[in-house]
Amino acid sequence: MILTIDNILTSEELTELTDILSQGNFVDGQTTAGWHAKLVKQNSQLDKTAPEVKSLEALVINALQRNLLFKLAIHPKHIHSLRFSRYEPKMHYGSHTDNALMGGQQFFRSDVSFTLFLSSPESYEGGELIIEKPEGDLSYKLNPGSIVLYPSTFLHRVETVKTGTRLVVVGWVHSLIRDTAQREILFDIDTVRRSIFAKDGKSVEFDLLAKTHANLLRQWAD
């Protein structure tokens, strides 16, 4: 399941984030790429040792954790390995798949990948996120403060930036539900049960769906 959420950041959070990043020290993005992804990665990233990194990570993680749609669809256990990435003219990230395990001393799975857009789409040419699916490529270039989340199993790439600057936050989620099909089933059931509750209250139909949702979550969560 691929999901987009608009305005995951407030306007104040977006301004704070972009203002701090405009003064940040960016380094070669290849330092955080896997051995094969290094061959196709050309961007820069905020130095992970910079003093502002912790507060910026907390800002983004808090924004995600307070969003109900994110929680219902993703079932996050750990949000991790955030990167504050910048693409300038001629920079790109070729087709690649994300590492299955990420982290420093403690490893987390990459079940769900996300890109949080910080730059206005009109401010740069190119730079689309392309998710490669068997039935065809999907292209994403969202408004600032909006996010796209997708299974980390997909090949994906970032097209070459021709003009302007593309600023994004990328990161990964270790989900309680590792299988994308199971996450989608739970999300669909949850959506229907909430709709029934809104119309009919705590009905017999709601109780049956609530029981099924809870039992599947109990069976699948790890």
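Residue 1 is the first one shown; counting continues down the chain.
Glycine too: its Cβ is placed from the backbone N, Cα and C atoms.
Here the structure is a predicted model, which means the values were calculated and not measured.
Binding of Fe cation is annotated in Swiss-Prot for His96, Asp98; the matching candidate from His156, His174, His213 at the same site is His156. Each of the binding-site residues His96, His156, Arg166 was assessed for Cβ neighbours inside 10 Å, and the highest tally belongs to Arg166. Classification of His96 (Fe cation binding site) by DSSP places it within a strand. Taking the Cα atom of each, His96 (Fe cation binding site) and Arg166 (2-oxoglutarate binding site) are about 19 angstrom apart. According to DSSP, the domain 'Fe2OG dioxygenase' (78-175) comprises 3 helix, 59 strand, 36 coil. Cβ neighbour count for Asp98 (Fe cation binding site) (all protein chains, 10 Å cutoff from its Cβ): 20.
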